[in-house]
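J.: A single structure is presented below for examination.
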Amino acid sequence: MAAALASSLSLLRTSRLALPYATRCNAFSRLSLGSLAASFAPLRPQRFVRHITASSNEEAAAKAAVDTGGPTIFDKIIAKEIPSDIVYEDDKVLAFRDINPQAPVHILIIPKLRDGLTQLSKAEARHGEILGQLLYASKIVAEKEGIAEGFRVVINNGPDACQSVYHLHLHVIGGRQLKWPPG
Ligand code: 5GP
């Protein structure tokens, strides 16, 4: 009995550790895989978990996410059509908690008007003001979250950097010791 319980706990622990790596590139697959994992984690053979490698899934998800220039899930968050945990908002930017946090504090900051900024590499000189506002908002958010002494601001740009939502966003991450170099 004790052995069976220990084995179950081990599988659960393995699943929780594996999921952020296995699914972190694609928000939609992340959500669906997350629900599946929650349902089947105790039943899943450990061998299967080990086969979900970070690199293969990140590459697959990066290929799946395409910059169409069209609306994204963030438009629905801006329009408040779907709920989000908003931590800061002004007339230009919106900051809300990431649905799949990679640290105790993980906030996304986005421009309310995308204006072609699907990714940072699309920035033009006219975007200078909003880019500054986004960066400044990251400082405000870090202070509000109590992590101003140590936090990281990340922008994933394009498939090779694992961008999954094509509406420019800053990740503000903190609340634990962060490692360097990042993966
Ligand atoms: P990227 O991988 O493009 O750099 O980051 C996109 C982020 O958006 C991911 O960290 C993902 O967890 C987050 N995300 C995707 N969909 C949603 C959502 O519906 N709500 C929230 N709060 N975050 C989301």
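Cβ from N, Cα, C; glycine included.
Because the structure is a prediction, the values reported are computed rather than measured.
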J.: From the ranges 47-51, 167-171, 177-181, pick the one that TrEMBL records as motif 'Histidine triad motif'.
T.: 167-171
J.: For the domain 'HIT' (73-183), jot down how many residues DSSP puts in helix, in strand and in coil.
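T.: DSSP composition of the domain 'HIT' (73-183): 33 helix, 25 strand, 53 coil.
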